[in-house]
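If you check TrEMBL, you get these features:
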{"type": "DOMAIN", "residues": "30-211", "note": "domain 'Tr-type G'"}
{"type": "BINDING", "residues": "39-46, 104-108, 158-161", "note": "GTP binding site"}
Amino acid sequence: MKRSLSESPKVYKLFSFTRKPLILDQFTPDKIRNFAIIAHVDHGKSTLADRLLEYTGAIAKCGLNAQVLDKLSVERERGITVKAQSAALMCPFEGQTYLLNLIDTPGHSDFSYEVKRSLVACDNAVLLVDASEGVMAQTLATFHFASSRGLKVVPVLNKIDLPTANPEKVKEQLKSLLSIEPRDVLTVSAKLGKNVEDIITTLIMEGKSPKVADALDNGITNCVIIDSEHHAFRGTVVTILVRGGVLSKGMEFRLLRNDRVYKVKEVGIFAPDERPVEALYAGQVGFATMGIKSPSEVITGDVFYSGEVKPTAVDYVEPTKPMVYAGVFPVHQGKDHQDLGLALEKLCLNDPSAQCSPENHPALGAGWRLGFLGLLHMDVFRQRLEDEYGATVILTAPSVSYRCNLLLASSLYRVYFVFLCILVKIRGKKNIQRYGGEWIFIKSYKDKSIFLLRFHSFLQPDSIVEAYEEMHVRGTVVVPEQYLSAVLKLCVNRRGKLLSQDCLDGTRLYLAFDFPLSEIIFDFSDKLKAASSGFASFIISVCKFNLSVHLNGKPIEELTQLVPKANFLARARALADGLAKEIPRQQFLIRVQVLAGARPVAKADIKPYRKDVTAKLHAADPSRYNKLLSRQAEGKKRLRMIGEIFVPRDAFINVLKRPL
């Protein structure tokens, strides 16, 4: 039986706190090493984390350990790391015991915020590189971010047991690209557990100890929140880094953001399962519960503190601006809407990179507009809603944001748009379908007005629009030389502009492109996956033309898009034909129209099912024959006017993935 949407995804294990609490006061900051494992996708981060857990005795060496820190069902099914997970390792070394706080981070660029957020709690980073694949684009990105935070980077080559491994060649890449000396690079095989102890030794001997706040000398405790998760019975469980002082059960703390007072109910560490402790001390990473029932009260990066003097806010990493937007709606309005809202609030607490805001759709009703860092992020978020909260949702096709520059030289145009803003608010729902939303946001920019667009059907009339602006991303591609021609052809077809080109090691090239975001969010990474990988940051460029899609006269905002004027006819025909193939036949005629502005440029009809209402009649009764046919035609016409069109869940995404 399906679980209620408002029910917590995880059941609190009562036996986890039946063990005797650990005492951690012997781990002073000089005996603590907080580190994260960072790497490109599939370079062996989770496997190395398993070997480190086995080496330090955190888990038994049974030969069955595989991705122990990947606790979500979506991570197990897909074989990828989605959430950064921590584990406390207690390791004896030269007569003393050290506390190593390990954080296993995701590798895919869609979860880059998880990596950045985790590095805030770390002073060291293990940079893992595949000895056969070498330095990749995500390797460069994570290294530069870790270096900019002042972390001690420990370079490690993994998979040296593979026949294709070439450690010496990869060491030269690290030297030429990242200025890392070959003698400083460790070589391991995480699969076989070979040389794993060298990483522990290097972290203890050369790693940085955590920075302790000055508040420790004054007896004041302050802790920064690095992650949070909602439980049905325990409330919000926060993962924290103690910057100074002591955190123990029964103490009262104040939250810096809302100035509310909370009492600590539980304190513990991840080892890798939850283990209770008597207290957490400066420099240590653990978790705490304070009876916080509302997920909105906690924000990642906030600070808990004791005493009257407020500490300084932590230099935290702001969530990356979303690149892909999609609408999420419950299948049935009413209670499902309320339960889905609670589920989204709790899931966004655990995944702060997803942005959520309410919206109304003329056909789907009340729902939410969600922003994601990529298509994989969106798909994983949807699956987590289904797996952890039992939510069956309607997810619209992903879209990107645009802006338009309006010709406001004439005061008449200014009056028109002021009137339009007032009209949309007054008429409310009647204008949601026409203008794409209840509110229109305008801000001045030099001599122009810039509209931040969520729905593109608002761009009417076209005569007062000077130009449309679309988001661009800077993508980097690392590609073997033999695939250069095919990659360049693909990038040019996606309107990519080559910015720079560098040679890595004589056999691979490092390319920097400027891409329109709308050209790469769907299937670009799949087509490029065999030879390269990329990451993106925002810039703005100019594009022209607007296409909107209508089904039986109703605009389909999810398929509205900006396209270059040169190929809008081909794109329009592809949209019309694709929808005609994806939407199943129904009891009434469905007319698909694609409009450029207000002008139809492509159409396709989906024929209805035919029912022979004259089968029971005698052939010699023409009046009755014509009467039944006429009545059937009137009924289908009326059904077409009021009938709801059934659109399969994946229809929009499949249409957008179709090649032109």
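Every residue, even glycine, has its Cβ placed from backbone N, Cα and C.
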- Note on the structure: Across all protein chains shown, the one of the binding-site residues ALA39, ILE160 with the most other Cβ atoms within 10 Å of its Cβ is ALA39
- Long-range Cβ list for LYS45 (GTP binding site), cut-off under 8 Å, min separation 6+ in sequence, same chain only, gives ILE37, ILE38, ALA39, THR81, ASP104, THR105, GLY107, LEU128
- Query: Should ILE160 (GTP binding site) be counted as helix, strand, or coil on the basis of DSSP?
  - Reply: coil
- Item | Three-state secondary structure, which DSSP defines for ASP42 (GTP binding site) | coil
- Measure from the Cβ of HIS108 (GTP binding site) and count the other Cβ atoms within 10 Å, all protein chains considered. 23
- Message: Test of understanding: give the count of other CB atoms lying within 10 angstroms of the CB of THR105 (GTP binding site).
- Response: 26
- Same chain, |i - j| six or more, Cβ under 8 Å of ASP42 (GTP binding site); the result in sequence order is GLY107, ASP130
- Item | Arithmetic mean of per-residue pLDDT over the domain 'Tr-type G' (30-211) | 87
